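Visitor: As listed in TrEMBL for this protein:
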TRANSMEM  7-36  transmembrane segment
TRANSMEM  48-70  transmembrane segment
TRANSMEM  77-97  transmembrane segment
TRANSMEM  103-129  transmembrane segment
TRANSMEM  136-154  transmembrane segment
TRANSMEM  166-185  transmembrane segment
TRANSMEM  206-229  transmembrane segment
TRANSMEM  241-264  transmembrane segment
TRANSMEM  271-292  transmembrane segment
TRANSMEM  298-319  transmembrane segment
TRANSMEM  331-358  transmembrane segment
Amino acid sequence: MEEIKPFAWIVLTASFFSLFFNSSLNYSVGVIHIALLDTYVDEDIQTISWLGSLFSSMFAISGFMGTILINMFNVRVCVMVSGVVTLIGFSLSSIVTDMRYLFITYSLIGGTGQAICYTGSMVTLGYYFKHKASMASGIALCGCGLCTFVFPPISQLFVDRYGLNGAFLLLGALGFQSTVCGALMRPTEFEIVAKRRLLCIMLKSMQFCLFLISSVAFNMGQSIIYLFLPDYFRHLGSSSMEAAFILSIAGVTGVVARVLLGFLTQLVNSAIVYGGTFGIMGIITYFVKYMTTLPSKLFFTSMFGFYTGACWVLHYTILVETVGIGKLSDAMGIGMVFCGIGYFTGPPLAVFMMRLVILRFTIHLALTF
């Protein structure tokens with residue numbers, strides 16, 4: 001087994017922080033959604049939900065752009081560009097006065113910045129940790145888990161103190177920090193050799209295609225929860241800050257899950273664990289209607305954060321096992337596109353269901369997926 005070089009740990013640290021500062025801005029979407037509802041009171045709720053839905057989906061759909069940048073240049077350029085794109089998107093969002101332009105600045109540009117950051121940060125781990133990819137991904141994805149704990153209350157604090165426009169500007173500045181992290185991701189010889197691969201080879205794999213379908217379903221359910229859960233808790237009597245704090249608990253348990261699964265998948269079949277987490281998440285989500293007290297809300301978000309965090313580690317691990325390190329950058333791009341399809345369709349479908357029934361059944365819709 002090839003020895004891990006010392007510089008690989010520097011790259012792992014850079015990947016951790018690039019995911020923390022940039023790719024995890026997606027976990028603030030629920031807080032931003034409430035701020036948009038309060039700011040644009042005359043706008044239709046479904047139109048506003050499309051903003052968050054498109055932003056979340058671009059995080060995944062635009063993953064292929066990261067693949068293009070990696071194939072044209074390298075991982076370092078990919079991650080550094082992502083910070084610039086995120087800064088531009090959120091900075092422009094801070095000066096927008098017409099909500100329609102937010103579809104371009106916030107949803108499209110801001111979401112794309114996150115996507116290419118995630119793709120680059122994860123692909124570089126495969127190049128430096130060929131035989132320990134699951135362990136490395138588990139540690140790096142703790143950046144996303146930690147951000148789930150940190151960003152919702154910080155975003156709410158930004159909104160309360162500086163308004164929605166000020167919050168956009170500050171979040172963009174945080175995302176820009178991934179540029180520094182990307183500068184540390186030195187290209188490897190293996191990366192240069194492995195860049196050119198044919199996508200059709202992967203699409204002929206039935207296992208890979210079934211995995212893509214499961215990614216759509218998982219992200220449809222997850223996007224509904226993260227977008228509407230703060231508003232749902234506020235509907236049950238929680239304040240905006242309390243709802244953001246409750247959601248942030250998912251970040252703590254998500255960190256634990258990412259570390260635990262990063263090591264556990266080296267010992268057990270990752271596909272079995274991946275399927276099992278879906279079943280447990282479905283059962284937990286079914287009982288959300290009974291969780292009206294603060295302790296029960298904390299229990300739900302902690303369990304939800306644990307199992308969704310586990311899924312993201314397993315998502316990366318299964319990709320590596322299915323297509324191999326050589327095709328990883330292309331597989332990440334395709335996989336993120338299908339994740340984005342789920343993110344994009346979930347919230348609008350939930351709003352449609354909300355108009356037919358009530359909010360708590362919208363949360364239950366996530367159980368179906």
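Even glycines carry a Cβ here, placed using N, Cα and C.
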Visitor: Given the cut-off of 8 Å on Cβ pairs that are 6 or more apart in sequence, determine whether the transmembrane segment (77-97) and the transmembrane segment (7-36) share at least 3 such pairs.
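Guide: Contact between the transmembrane segment (77-97) and the transmembrane segment (7-36): present.
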Visitor: Hey, which bits of the same chain come close to the transmembrane segment (298-319), Cβ under 8 Å, at least six residues off its ends?
Guide: 122, 133-134, 137-138, 141, 144-145, 148, 211, 215, 218, 222, 225, 229, 246-247, 249-258, 260-262, 265, 270-271, 273-274, 277-278, 280-281, 284-285, 287-288, 291, 328, 331-332, 335
Visitor: Does the structure show the transmembrane segment (48-70) and the transmembrane segment (271-292) touching, where I'm treating 3 or more Cβ pairs under 8 angstroms (sequence separation 6 or more) as a contact?
Guide: no
Visitor: With the transmembrane segment (241-264) as the reference, find which of 7-36, 103-129, 136-154, 166-185, 271-292 contributes the most Cβ pairs under 8 Å.
Guide: 136-154
Visitor: Answer with yes or no whether the transmembrane segment (7-36) touches the transmembrane segment (136-154) by the criterion of at least three Cβ pairs under 8 A, sequence separation 6 or more.
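Guide: Contact confirmed: at least 3 Cβ pairs fall under 8 Å.
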Visitor: Counting CB pairs under 8 Å, which listed stretch among 7-36, 103-129, 166-185, 271-292 touches the transmembrane segment (206-229) the most?
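Guide: Going through each listed stretch, the top one turns out to be 7-36.
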Visitor: Would you kindly list the residues that approach the transmembrane segment (166-185) from elsewhere in its chain, counting only those six or more residues past its ends and only Cβ-Cβ distances under 8 Å?
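Guide: Result: 10-11, 13-15, 17-18, 21-23, 25, 28, 32, 35, 75-84, 86-91, 93-94, 106, 110, 113-114, 117, 120-121, 124, 155, 158-159.
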Visitor: In terms of Cβ proximity under 8 Å, which residues at least six beyond the ends of the transmembrane segment (7-36) contact it?
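Guide: Tertiary neighbours of the transmembrane segment (7-36) are 48-49, 51-52, 55-56, 59, 79, 82-83, 86, 99, 102, 110-111, 113-115, 117-118, 120-122, 124-125, 128-129, 136, 139-144, 146-148, 151-152, 155-156, 159, 164, 167, 171, 174-178, 181-182, 184-186, 226-231, 234, 240, 243-244, 247, 251.
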Visitor: Are there residues at least 6 beyond the ends of the transmembrane segment (103-129) whose Cβ is under 8 Å from a Cβ of it, and what are they?
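Guide: Non-local partners: 4-5, 7-8, 11-12, 14-15, 18-19, 22-23, 25-26, 50-51, 54-63, 65-67, 69-70, 75, 78-79, 81-90, 92-93, 96, 135-137, 140, 168, 172, 175, 178, 181-182, 185, 188, 190-191, 194, 316, 320, 325, 328-329, 332-333, 336, 340.
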